[in-house]
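Now, the feature entries from Swiss-Prot:
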type	residues	note
SIGNAL	1-24	signal peptide
ACT_SITE	His81	active site
SITE	Lys90	site 'Role in lipopolysaccharide recognition'
ACT_SITE	Asp124	active site
ACT_SITE	Ser125	active site
SITE	Tyr195	site 'Role in the phospholipid gating'
Amino acid sequence: MHLKRALITLSLITLPIIPFSSYAVESINNTGSMESPASVAADSTSNKQDESWWQRSKHNLSATWNTSQSHDIYIPAITWHNRWTYDKEKTDKYNERPWGAGYGVSRLDQDGDWHGLYIMAFKDSFNKWEPIGGYGYEKRWRPTHDQDFQLGLGFTAGFTMRDNWNYIPIPVLLPLASISYSKLSFQATYIPGTYNNGNVFFAWFRWQI
């Protein structure tokens, strides 16, 4: 019951982020000048496109939650700090064994692409607990005759909370990639950053039950 409530909450707070992952929001003209017919037509088209993305996002979240095809167990596997962007004395102190676990629900759509809602907790670089949860999408490819073998590429949008940020919810929008066979997937993301900050590869196993 607690997991279900958590996933519902994450679905609601993640929803506003997803449309912005696929297009940039156009600036609003506040000059007060009269718009040309072409400008009005362009704004109308933009509004319809915005509504289309918004409706699609709501549909994907609703369908994933209400018509999920599997329940998933998440097992964090590795965090790796990019050695080309860190001083050695820092990486020597960081934890790269993200012990933890997670739970989620997922489905494949009519195109065979993956959608998932998840919540996971793991030990971060400072060996402190870090929860993360949200929505994930992957375009799936099946490069061989064996349809159980799949490659995925997409994004995840959601929220995380860290000890060094006083566990304030932080929105995240990150790339997502995977290699899957049957019910087992190895998924990964890369957190970009600056020198001695960010630039972390994070991966986990996902098992459909």
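Using N, Cα and C of the backbone, Cβ positions are placed for all residues, glycine too.
This view paints the features noted in Swiss-Prot onto the structure.
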residue	record	DSSP class
His81	active site	strand
Lys90	site 'Role in lipopolysaccharide recognition'	helix
Asp124	active site	coil
Tyr195	site 'Role in the phospholipid gating'	coil
Close in space, distant in sequence - His81 (active site), Cβ under 8 Å, 6 or more apart
Lys90, Thr91, Tyr94, Glu96, Ser125, Asn199, Val200
If you count the other Cβ atoms within 10 Å of each Cβ, which of the recorded positions Asp124, Ser125, Tyr195 comes out on top?
Asp124
Can you grab the distance from Asp124 (active site) over to Tyr195 (site 'Role in the phospholipid gating')? Cα atoms, rounded to a whole Å.
18
